[in-house]
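Take a look at the structure set out below.
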């Protein structure tokens, strides 16, 4: 998701002097690798949706890096004899089949698709090709064949970033025992195939952890969902308990960002992804400057989520006179900041991790008509030419140059006639 300008989301920040560089701690090579799916998923296997991670060979990685989109020929042929003449017998398809270099991976992909009921969603170590879903017939990450997967992977800028720039802005891990200049570690690339599930995007949330403290969280989808406000305290309690029990003391790094999905009846939390604590990770409804300057929550929550009424206790540390405020969890509060302030206007410290939702009147809400990742899209003519292989792209470029030359000539003739 494209990063938003912090000034557009935090007017209070725009009036203050902002540092030219966000005050992130150094992002190390190991932190990026710890956030790779192949590293963290085995540890949290029971917390994640069903998936398979297929180790990739250098030849397959080279295929993903190569220019153009050349797909293996489909192996399913028509049943009728009348259609057999549509297939060439001269071996041209076999010669242009890129999968001959990685037949084992091709076979694993096909068997995994079959194992997962015929539909999967793909990603590499860190990213899913969400910016390329416009290439899909279903306009989502649903893939039914290996070629569906290859098309998404090779059309995605996010995948290109995983392949070419995974350690941008990173520093080597400190090692006082070695004075040799550190080199970037090798990356064991994996193709992750997750069983396709039609997730409800309104129930996906991004959570930010600093120094092993759950700092804040927000919805991932940037549309307004009115029902979320009455569920906010319940969902926050679920996420906090999940973090405390499963992630707080088990993830290798103290700072990270994780995504969860909490489907109805909102009893179970699924771990979807773990992301680096770095500006490459989209802060969504926050700004990174806001998160980095945020104070740790100090509240203690006591909640019976299964009871008829939910409540929690806020401990307000205000000089020598601590106060206790009980808040009804059923209140439909659109602005959590206003709710906190009403409990104790003089308290500067947050009681609980802030849970930010898109408000009804938020200018970013109701973005159903705005195509997501539209900056990554290409004209259909370019896509069609790339699907035809190197020859198709060369032909397209030749036609494009002819069009430009003709346009230049017309402009010149028009100027001469004046």
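Positions of Cβ are set from backbone N, Cα and C atoms, glycine also.
Per Swiss-Prot, the stretch carrying the note region 'Disordered' among 1-23, 24-46 is 1-23. Within 148, 233, 259, the residue that Swiss-Prot lists together with 123, 126, 128, 130, 194, 195, 204, 206, 220, 273, 275 for binding ATP is 259. Annotation for residue 194 (ATP binding site): same-chain Cβ neighbours under 8 Å, separated by at least 6 residues, are 49, 50, 51, 120, 121, 122, 123.
Separation of the C-alpha atoms of residue 128 (ATP binding site) and residue 275 (Mg(2+) binding site): 12 Å, rounded to the nearest whole number.
Within the set 123, 126, 128, 130, 194, 195, 204, 206, 220, 259, 273, 275 that the record links to ATP, no two Cα atoms are more than 21 Å apart, and one pair reaches that distance. Neighbour density for residue 273 (ATP binding site): within 10 A of its CB lie 21 other CB atoms from the protein chains shown. Note: residue 204 (ATP binding site) has non-local neighbours 219, 220, 221, 259, 260, 261, 272, i.e. same-chain residues 6+ apart with C-beta under 8 A of its own C-beta.
If you draw a 10 Å sphere around the CB of residue 220 (ATP binding site), it holds 19 other CB atoms from the protein chains shown.
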